[in-house]
Structures are given as structure tokens and as C-alpha cells.
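Single-structure report; data block below.
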């Protein structure tokens, strides 16, 4: 399934929403296998690839972030075997960096967020990222009282009895330690101890353990603490939770204090002031990795000064002041057997490489993305050469990588092994499904040619029509039980007019058409009286449907589930929405401006919606559909206790007590929506020195305006 995923840059918002739902469920399952059962099905690299895929989609479609997204939670729910422990401070995970460029961007982002010039004045620590089990050790009056796993980040498992058997973890702290101390770190099994344990298992004729990480985790969760004691587990301290007093004001100072208190800390941890120095140490640790007696999968960069950490704060699941720079994922060589072209619901022609099977990162790969025709030709998104201009041809020996994305990708070609007589791949200029012209649109604003070639057949194209119907009945749209992919394809291909479904309204006329038909659905293989009755009941149950589901089901390009909810909340009723979209047809005037002013609706999305409503075929389908179904009035959001919750805020001019990023993060944490432009939908404009046209427009519209001090007073500082 993963090999078939579309490149993120080619996804529509609807496709992105569908995949984010899949990734939320899939990553939750793997979290439970990894954290809860110590029995992972996939490698760490593949897990990181899934998470990175999720992050990339959310980065491109921020309005689609789900409440159950892996980016909004940490780890997995604790098991029922051990008593639950609620962490005094959440145990958050880290954002990942996958390249030197990502690491440099992290450093640059710190300076930018703090409003400082990148002058090398900010110190960062670098330390190996231990591949073990995260642990929180709580000391009260300098005695170890609780040891808990990370769990889901909020609630972990009480494994105190087992942790007491680990000799290098102090049971008591020295007199200078504060009354309440939570030390956080990683429990792991040394490679040498793991090898010795497996040697013992082999001598006894018992199954061998898979890897040190799983063995350490399983050893810690033994019901018999004597088993844990026999496994020679170890610990590195590197962070903290609740502290009744802070013994240092830097990250490095805290870790040095832990060492003085008797905790083992990693000797490779160092402090630097530039991205170049961070990366030099990263590559040094990477070279030393094979010689280390413990598994690591990257390094961690942290801002050293604790007061700067406090200013930088947190995202929903991770600190803004730290990142994990992962080591590169595995690459492999294989032969490109062919290139298939897939046609999606929006007509996008996507090339997929068919490969001789090869194992990459522990997974057998037979397909890989080729992104688009320019990528095949050796041209990047902005027109620059990639792979030094080397094109990809059928028959080539190619390099396949799984890193930073779920889809395996071809990253290069081995020119020395290119067979004689190969020819450059000719990307089709007609749809392989319906034969219609396939074109690359020109962006009216930039004048650039779209990287994606699209079929112009619209509903004439079977692939687009079928995929559109599948989208219409999908879970987040009309959610009609009994109309899955196979059933949609059957009804679409039927030659019987009483069975045929070619557009959405046909779904709701099926039962009426069948009443006078000689070809009864219940007599067709795969159906029966009971299943047909249930199908009709499911269809009729959807004759009244939420407005956001109705809008989402239309399959408008760039309009995913979250965008549909924004539109529904903004317009309230379909009558208002439909009339406004028709009125906005000239891409100007009040209706057009109102659409563009909705926070989360940019011009690209707005133009796609209006274009949809200008197409006569779409209007005919809509008219027929509205004869059969009734979109319900949208529910309006409930306000919270925050004085700015649900309000749209615009910051303009210079801010003197915080950076723009800090102000935005604070406003969003209080439930406000931050917009970049002023409109009738704006509630508050915060204006600092140098405020210009935005402040003028706010006054012209009679909006509430305030300066930075008034804003801070409103939100409580």
C-alpha cells in the first residue's frame, strides 16, 4: 500500500485528508506495538518515514491537522499490566531533521523566532540519540519514589520495582539536591551485554532476541524484578521533568549536575555556537557509531540557555528548542523494469516506477515514485538540474531510498550500468485511460508551467469519474455503507440504465429506477435481498447530510475535509455558500473578497472553488443532487474561556516585547486564528510602530484595534 502513495507535492487536499486519516491509524498501531508490546513490525527508519510523510502532508496542508494526528501526541497509551503514572510534566517527543539542510534550518529558525541576527551568540548542545526506552525517575526528599515509562507522553507505566534493580540508577540523591527532582533519560542494553545474552540463549537452545532496544524494553516490563536484574540494563540521564529548584541555568549545566549527583551521562555531549560545528560533531558521532557499545539513531540538538528555551516554548507535542538529527536511511540498487502511469480523481498523471524487488530498510520494495515528467528528465521543481541532469530510463540501474517519505523514491542512476540502446522516456501527452489530451497548466500569476500533467477529459475520463464517485461515498463525505470501490466500479460499468451510476445523483435514483426494471439488483451475483435492502437504507439515510460533508463530497480540487468545515462554518447554509460562489465568478467584488478573507482559504483554493461553480456540467450535477439531498445548516463552534478564542487576529507593524512568531504562537495557543490580511472577518488588529495600510483598512472597516501593551493586557501578559 505504501509503495503506491502519491508524492506530497502532487496531492489534492482531499487526498491529503484521506492519507492523514490512514497515517493516524497506522502510526497509532505501530506506537502500540513498539511502546506497549515491544514487538515492532517495521524498522525505525520505516517508522520515521511514516512520521515524516505525515509531517510533510501537514506542512503543506496545515488546516488538515487531525486531533488524533501523530504530530499531536507522543508514544502510545500505557498497558494495563503496570499501574498508570500521570507525569507531572508531559514527556514530549522531538521533531526530526533528516539532512544537514534541515539542521541548518533549525538553527536559523531559532534566531528568527527570537528576533536575533544569526551571529553565533546562541549556544547549542549536541548529544547522541540513544535507541532505548524513555524513563522518568521521580525523587522526593532525595529518595527514588517512582520510575515511569513515557507511555503516551501524559501517562506512563509504573516500573519502579524493576528500575530499582538497575545498579547505575541512584536510589538516593546527595543533600544538595532539591526536594523534588524528576530525572529523565534512556534505559538501554549495551551491545556487548546483548551479545552475551544471546550467546546464553543459543547455548540453551532457546530463540534469540532481535535487537537490544526491544530486549531492554521487554526486560524492564517483566513481572518478576529478578528477571530485570539479570539483564544488565543501563541508563543515560539527559533531561528533567518537575524540579522544586533549578540547580543550573543551561542544558549542559543541568546534565553536569546530574553527573555530580551520581547519574551516568553521555560523554559525547558537547556545546557549540554554530551550525557548522553542530554538523561537524554530528558527522564525528556518525563515524564513531559502529564502535559505540550502544545503539544510536542520530543526535539531538538543544538550545543551551534555559531562559531561551522558555521563550521558544513548545509546539503541541515537541519543544521548539530541540530537534533530533537522524542518520541517513538505507539505500539500495535495483533495475527499473518499467514505468506505469496512474490517473487520479483530479486527472493528475503520476509516473510510478516498477522495480526488480529489492529490500530497503527491511521492506521489500517493488514500486517507487518518479514524481512527474520533469523529475524523470532530471529537472527539479524550480527548473534547476537534479542528479546533475541525468535522466531516468527504463532498464537503468537505479538507486532507491526510503528516507523522509513513505514512498520509496529513485534518487539517482548508475550511468556506468545503463544498457546500450536505451532511449529517453517519453511521457504521455494523452490520458492512458480515456485518450483525452493531457496538459500542463500555466500558473496565471507566476507564468510557470505546472509540474503535473493532467487529463482534460473530466467526467468523460473513466478514471476520474470512478475516483470521483469513490470520493463522494467515502467515510468523510457521504459515507454510504455498501458502496465500496468494487460496487462503484460495477455500477459505473453497467450497461443497464436502471443500474448505471455515472454521477452522484444517480446513487439516489437507483432504487426508483430499479422499481420498474426487469434486471433486479438482488438477482445479481454478489448481491441479495438483504444486502440490497441495507444498501437502499444506507443511501436514504444520507438524504440529509452535514454541510461540510456535502461540500467535501463535491470533490473540488484543494478542498479537503478541514477546508470544507471552514467553508461550512463561514457560510452557515448551502444556499448562502452556493450563491456566494456563483457571485464570486468574476474573481472580484464582495463575494470574492469574503471568500479570500476566510482564515485558511488562500487564493489558490478560492480560485479552484469558483472555477468549479463556473463549469456548466458541475452545476447540472449539483442541481440534480440537490433534488435528492438536503445539506444541513452548519453547527457553529463553541467559545472557550479565553478572551480571544475563536477570534481572528492580525498583527501589523513592529512588536517590541516579543517577535511576530512568538505573538502568533501565543495567540494560537489561546484559541485565536492569526491571519495575514485585514478583512470584514477580522476581529482584532494589533498594531505596533510602522503599521501602515492594514491599520488604515482596520479603521476604515471599524474593527477593534489595539497596541502591543493592550494586547498583552487582554491575554494576561
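Cβ coordinates are placed from backbone N, Cα and C, and glycine is handled just like the others.
These figures come from a predicted structure and were not determined experimentally.
In Swiss-Prot this protein carries:
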- 129: active site, N6-AMP-lysine intermediate (ACT_SITE)
- 44, 45, 46, 47, 48, 93, 94, 127, 150, 186, 302, 326: NAD(+) binding site (BINDING)
- 431, 434, 455, 461: Zn(2+) binding site (BINDING)
- 639-717: domain 'BRCT' (DOMAIN)
Cβ-Cβ distance under 8 Å to residue 434 (Zn(2+) binding site), same chain, at least six residues away: 455, 457, 460, 461, 462, 463
Distance [Cα-Cα, Å, rounded] between residue 48 (NAD(+) binding site) and residue 129 (active site, N6-AMP-lysine intermediate): 14
Surrounding CB atoms that lie within 10 Å of the CB of the residue listed as 'active site, N6-AMP-lysine intermediate', all protein chains: 21
Around the Cβ of residue 461 (Zn(2+) binding site), the count of other Cβ atoms that are within 10 Å: 22
Packing count at residue 302 (NAD(+) binding site) (other Cβ atoms within 10 Å of its Cβ): 23
Helix-strand-coil residue split for the domain 'BRCT' (639-717), DSSP-based: 27 helix, 15 strand, 37 coil
Nearest-integer angstrom distance between the alpha carbons (Cα) of the residue listed as 'active site, N6-AMP-lysine intermediate' and residue 94 (NAD(+) binding site): 11
Distance from residue 150 (NAD(+) binding site) back to residue 431 (Zn(2+) binding site), taken between C-alpha atoms, in Å: 51
Any further residue of that chain within 8 Å (Cβ to the Cβ centroid of 431, 434, 455, 461) of the recorded Zn(2+) site: 343, 347, 430, 432, 433, 435, 436, 438, 456, 457, 460, 462, 463, 464
Neighbouring C-beta atoms (10 Å sphere around the C-beta of residue 150 (NAD(+) binding site)): 24
DSSP three-state assignment for residue 461 (Zn(2+) binding site): coil
Lowest local Cβ density among 94, 431, 455, which the record lists as binding-site residues, within 10 Å: 94
